[in-house]
């Protein structure tokens, strides 16, 4: 069985370019995993794209091994299996317990159970071109899943209005890779290679568009923080709900025994209608005691200094 043919130079060219760009696609998440390594945490990143990516690479490897003239497919998908496995291992290493368990279960179910089922149901019962066709269309279905897997991140970007979890290099490389492999599939007259890359191109463009829209969320936050001093005011509590008695002194005031009703004109009357003038603290002293910087979160919620 021949696995390599260079009698179609344009096909070979697109295949080589597809391999080169696909290498960058596989390395595009590297900054994400460097960040995970430094933070010792997976943060809010998900393992689904890497699990589905590994499964797709395994399927395409299987397809390439049962088909002729497929060395370019074997080379890139063998590398894909290795690099995706490394990514998943790092995710499992730093993920919290629940995420680690969920990832391990999905990995066991999809990459072990489902793959073995597909292999045994296609390799032994089917022969020749029929087997190639069946496996090829299975690859198409799961290649669509690979391109659609980042949709969970796309929805997260739209919900949070932040492109933090949508790396632009990955989206850009996916788009270029889809173009190269589409050309390769057309020249090879292999619809199983060409068709999924049509969707890959449009999804890549969508991700780059969202990145352009939501790439500066921090700038908006900074602008809001710069406007914050406009909403910081000084609250002076000049009136209180209770009167704290003070000792009588030459400067004014009354004793504890003389606390009673205080009229609005600042006079206090005891049982014998004796008038005692009150000397209130100066306005400046009250301001110094009650002055506070208050952030207004809403028009009706104010925080004032205690009395």
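Just so you know, glycine gets a Cβ as well, placed from its N, Cα and C.
Here TrEMBL flags 12-36, 48-65, 71-94, 106-126, 132-158, 165-187, 193-214 as transmembrane segment.
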Recorded stretches the transmembrane segment (48-65) and the transmembrane segment (165-187) touching, at least 3 CB pairs under 8 Å:
no
Selection from 12-36, 106-126, 193-214, the stretch that has most Cβ pairs under 8 A to the transmembrane segment (165-187):
193-214
Take a look at 12-36, 106-126, 193-214 and tell me which one has the most Cβ pairs under 8 Å to the transmembrane segment (71-94).
12-36
